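Colleague: Sending over a structure as structure tokens; questions will come in a sec.
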Amino acid sequence: MDADGQEPRFSRRLPALSRRSENHVRRLATAFRMILALLAAGVGLLIAAKPGLAPTPQDTLVVGQLAEPRALDPATVTGANDFRILANVFEGLTRFRRGSLEVGGALAERWEILDGGRTYIFHLRDGVRFHDGTAFDAEAVKFNLERLIDPKHPAAGTGPFPFAFFFSAVKQVEVVDPLTVRLRLDEPYAPLLANLAHPSGYMASPAALTKLGRDFGRAPVGTGPFRFGLWESGRQLRLIANEAYRGGAPKSKALVFRPIVDPNARASEMLAGGLDVMVELAPDSVAAFRDRSRFRIHEAGGPHLWFLILNTREGPLKDARVRRALNLAIDKQAIADHVLQGTATVPAGPISEAFGPASDPEVKAYPHDPEAARRLIREAGAEGATLKLLASEGGSGMLEPIAMATAIQSDLGKVGLKVEIETFEWNAYLARVNGGLKEAAMAEMAWMTTDPHTLASLSLMGSATPDKGGFNAGYYENPEVDRLLDEARAEQDSEARAALYRRIDRIVHDDAPWAFVATWRQSAVTSAAVSGFELQPSFLMDLSGVSKAPAL
Amino acid sequence: MTARGLLRQPLAATGLAVVATLVLLALAAPLLPLPDPDLAEPARRLQPPLSGFGALGTDQLGRDVLSRLVWGLRVSLAVGAAATLAATVVGSAIGLVAAFYGRWVDGVMMRAIDVLMAFPYLLLALAVVAALGPGLANAAIAIAVANVPFFARAVRGAALGVVGRDYVDAARIAGLSDRSILVTEILPNVLPLIVVTAATTIGWMILETAGLSFLGLGAQPPQSDLGSMLADGRKALTTAPHVAAAPGLAIFLLAVGLNLLGDGLRDLLDPRLDAGRGGAPAAATDVERGDAREAEQSGEGALVVAGLTTAFDTPSGRHAAVRDVSFALPRGGSLGIMGESGSGKSVTALSICRLAASPPGVIVDGVVSLAGEDVLAAPVERLREIRGARVAYVFQDPSTTLNPLMPVGRQIAEAVSAHGAARRAETVDEARRLIEAVELPDPDRIASAYPHELSGGQRQRVGIAMALAGEPDVLIADEPTTALDATTQATVLRLFSDLRSRLGASLVFVSHDVSVIEAMCERVAVMYAGEIVEEGPTAAVLSEPRHPYTARLVACTPRLGEPDRALDPIEGAPPPIDGRPKGCAFAPRCRLAIDPCRAAPIRLEPVADDRAARCIRWEDVSLGRA
Amino acid sequence: MTAYALRRLLLAVPVLFGVSVLVFLVVSLIPGDPALAILGTFATPENVAKLNAELGLDRPLPVRFVMWLKGVLTGDLGRSYALDRPVAEEVMDRLGPTLILASAALGLSVFFGIAAGVVSAVRQNTRLDGAIRLLLLVGVSTPSFFLGIMLIQALSARLGLFPTGGMTSLFGSGGLADLAHHLVLPAVTLAVVATAIVGRIARASMLEVLRQDFIRTARAKGLTEERVIGVHALKSALVAVVPVIGLQAGYVLGGAVYVETVFQWPGVGRMLVEAIGRRDILLAQGGVLAIAALYVLVNIATDLVQAALDPRIRR
């Protein structure tokens, strides 16, 4: 601004004056400066007043979620992310007890199992009403269950229902009286009670379903502690306390679920105080929340299993010795500690410890023993083999699939196996893997189930290969396992049933059709003011007992 | 030539250095003593830079960030270059074919390009990559597709200019195949444009490919480029910002380097594309006079120009375009300045009010005295008061000298209000009066018309009205009627002359047209190669020239009433401003030139009463013999 | 002018048709099966085929296109598989935030770009000019996704000056101030490249215009330099800059994809990335179509502005 405002000099050399004196455009410049000053002042004011950084209200609990829920019709969704919300709006006939996967009563006060497991009679709780004021009764139960299994049901158009197979054993739902309902099964099916506690068994208001049809998923009506408030796409989903809840009004007046897809953004928002609860803490963000005066980190195990499906039909992994070698070669503890930052533990076998007695305590995780692995590989003549590993980029329960694949590649390289990684977007990945491994040797997979039967029957039975509509993508076949699973399915005595699963656990561990890599310890962060928060092994999140102390 | 040219521009040289360093680094990646970029060592993850685990630390899997950076750079560069190459080849081919075949081929291709261009740039890339599936190659294809329209349009535009040329027709007649015409005749002509377009877009393409990778649609693990490294690093931003910062800064640096280099290349290969290079004229011509001139002011006359020397700054140095021009104009008098184009007559006229474009013009010597005031010493604010009010100009081509975006009435009113008239209504009235004064029909309609809605003659009347608005003491007309047809020229000249005499203004009339000068001016100054070569009363000078150039100029002018007169054009051309001969500038074209003419500068000397000429053989000059 | 506007609108019709064909084709090529996205882990080939039949995805492409186009013309863009909600509703919800962000960014870039270009041109070859040119070049080379995450990290997460993302806070005073507070960082991030491009073009065209004869005429009339530059030169320069602003609108709408992703802005861009990730074909189609149509309209608007500035174009 050399000549700004300066009186032009009568000089022999004039260019400075002609080119640089800027008072010619004074008015324009003034306008420019004024706008600039206004903008600066505006931003300054915003920074000072922080209108966008208001603290969350004390009676409202704000939960940072992984993503926008797909829908809020419990029968149509599959993600843990959506289930966390649904668990506060809906209830099933049964529920998982706090802190375990044992089944207790919910909308059904009690039940009787007759006919060697072929008939269930449920006695419903009296006086329960849906949020829309309609009564919850036996007709409602019939309506809900038939919606899942009867393609001609009036509300069948609200489907598809991915978990319908949970109830496919049910042949008939009969209303005995308004508070009694009878289910008839074509054969004994022990997992039924657990499946009724699963969100796919939640009871929705038949009146609302009939009225809204597909739009029910945008405005759900259940019997739970919170009722639906509003849903602003991409911003928030708000639930309002159901003062008339049968278990008493919940401690918070409202729940707000905010979808924040990016884990880093979610962590930033939590740090900035915009969230009270944040689920699925990214391993790398753990360090940021160590401050006990501001945050609490919650962790809980659960029936999650992250495993590699191994190809038992084609290639070097046909040989069980090589499959065992893989389990020995992968440094699972290092993956859990470093790649997953301590958010996972090392599983022993296919049946999760979270299933209590169904998991065999004698079955121990394969140790990290590259020497033994090399020996087994040598015995099987598979030295230097090239294995294709299918990996997903993300996905429900998949933890850090790419980083884990890379670590596995590195570990197997150390025992002389060359691994080629092929990655897919999650949905494309499911399409590839659920169709069977084909020429690939390994594929990453993760399941979260609430009954020991589900994963094993869908993924380990010889009759569950992809061509038969199952998820046994590695073509594992062991008649003994098949027989035990069939027996367990029909066994009504829980101790006897658990014993069968323990035997399956042992056999599958030794056969090693999978590499058992990690069991996720689900994690969440709450602000220090939040009390009553507890993670459940069922991955469901009941927030009715959670409250927030007044801010200081 | 290219390399040296680039190195001369400091910014481009910097860009070249940055890009060269990065490219070399990427090329040398396999040779450098770097750890395996994919070697995961989870136990020493997220080590900060300079902590003993590689210069830039490690990432979430304990991989060496520096090594990954170099290898990622290699991928990013390769992909960016491949995308650019693909976009260039395909886009250019489409542009060439469309321009060459024209008609429906052009129509169909360009409509398709229009449709592609109807998508916001990144959205198109996103849609393509969505269709092809994520992956680095697909991301590159997507970015290339998104850029094809730009190349196609640019190349088509340039090629259209070439297709109509004679040599293309000649090649067609010679029976060359379409393909060989395209490749050998048209392509070479549009090649610089193609290179420039590619050079200026490659940085952008690398940036966008990295962006797609950042969104997870480009490089798929374990393969990684700078964009996917940034996306990975972002997850650990709170605890280990270096993992994201390193690739982010690398992308940025690469883009800056490529853009600097691209700009440099563009300036070099296709200066037309860089409008900013020539520079815009300042409000007034620079004046850099020596100290000697101070006292040499004469108060005589309305306008006295003494020793005016205006030079142009060119790449080869400063050269005088107008040298030592002096003349005096009494109040009410008229002077014609005559000469070929390039003789310096316009620069002389423009220098009077310091309107010669600067840069490149600089007034290095002389005095312009307006009723005793040295215009060249006046501050710009004073100069503004002089312009329009004391000295007014009428310019040559009214189609470019009027603002095309402003109704002419407002342009006239503006001239009125620049000097006094306060209220808007008054200026509008005054403008209307001026439009009537220059005999334009329907003043209201004319006032609201835009220049392109008027004929050439009407536009020039508007120009005259504008010049009269400030009731100036001196009118300077720079070839005011050259762009008009003969009839219009005559009427406009008559009008101009009438109005001037009514105003009593002095006149400087610049023209190459002998007969117009003859009609308009009492005195004439003939200019050649920046100097006045002859000066005197118009009638005398034109009938009895004393400089061979004047004689030749008169001789090659058709004269009214003498249709059979043999016209004798002057062969050769005036010397360029950086190549003026030591002696007489006209000598190379002069039939009378002798050795002394070439030996030393010739002085302007009196040859008769009130007349001067710059010729040592003036006595031998006559109309018939020169 | 009206006739010109009508003609310009009419010309947009075939382009829009072409756009819709292209959108449909490209998005239909997206690999992966929406049925899988719905059924999740429990998708069996059998269920997938059944669902595809229900969704009409097993019909031939032309049939699906006609169905889709019929829907588009009646404002029915289908139903999003992933959100279980009409696409048109979702797109409408998302369009507002994108418009707010894009127009703020465009406003900033037009204001600062033109100011920088004019100052730089008028003070050509001074140190200020050099500084502005360097800044503009740096701006053009800035990856907005990198800038965005760095701004969040520094100004939001560390210093707590701005919200870390989102468009409005769920609680607190709300209103315009709240929106503005959320808008600052994303708008600035999105504006940087556009500002730099507008600035470069504004400088070049300003210099070009300043060389024109009519500028000399204006100066010869004794007009103040303010008027010469502020009225005569600027208006002409704008004629050249306006189409570039139109192009920048395209950049801004596209660049919104990054910025909305980084800043959690609930706009169409983020919706698109998510929809593509989930193989939500109809939603992706709807989003791309909406943005492309918007861009066509913006281009018509810039043409009209240009015509308003330049009477020669109107004919």
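Heads up, the Cβ atoms here are built off N, Cα and C, so glycines get one too.
So TrEMBL lists the following for this protein:
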type: DOMAIN; residues: C:95-306; note: domain 'ABC transmembrane type-1'
type: TRANSMEM; residues: C:9-30; note: transmembrane segment
type: TRANSMEM; residues: C:99-122; note: transmembrane segment
type: TRANSMEM; residues: C:134-159; note: transmembrane segment
type: TRANSMEM; residues: C:179-202; note: transmembrane segment
type: TRANSMEM; residues: C:237-261; note: transmembrane segment
type: TRANSMEM; residues: C:281-305; note: transmembrane segment
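How buried are the listed features, and what sits near them?
Modeller: Long-range Cβ contacts of the transmembrane segment (C:9-30) within its own chain (Cβ-Cβ under 8 Å, at least 6 residues beyond either end) map to 61, 64-65, 68-69, 72, 276, 279, 281, 284-285, 288-289, 292-293, 296-297, 300.
Sequence-distant neighbours of the transmembrane segment (C:134-159) (same chain, 6+ residues past either end, Cβ-Cβ under 8 Å): 116, 120, 165, 185-186, 188-190, 192-193, 195-197, 199-200, 203, 255, 258-259, 261-263.
Nonlocal intrachain contacts for the transmembrane segment (C:179-202), taken as residues 6+ away from its ends with a CB within less than 8 angstroms of a stretch CB, comprise 100-102, 104-106, 108-110, 112-114, 116-118, 120-121, 132, 135-140, 142, 144, 147-148, 151-152, 155-156, 162-163, 165-169, 237, 240-241, 244-245, 247-248, 251-252, 255-256, 259-260, 262-263, 265.
When Cβ-Cβ distances below 8 Å are used as the criterion, the transmembrane segment (C:237-261) is approached by residues 97-98, 101-102, 105-106, 109-110, 114, 117-118, 144-145, 148, 186, 189-191, 193-194, 197-198, 201-202, 205-206, 208-209, 267-270, 272-273, 291, 294-295, 298-299, 301-303, 305-306, 309-310 of the same chain, each at least six residues removed from its ends.
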Colleague: Using a Cβ-Cβ cut-off of under 8 Å, list the residues of the same chain that are 6+ residues beyond the ends of the transmembrane segment (C:99-122) and lie near it.
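Modeller: Same-chain contacts beyond the flanks: 128-129, 132-133, 135-136, 167, 179, 183, 186-188, 190-191, 194-207, 210, 229, 234, 237-238, 241, 245, 248-249, 252-253, 255-256, 259-260, 265, 267, 294.
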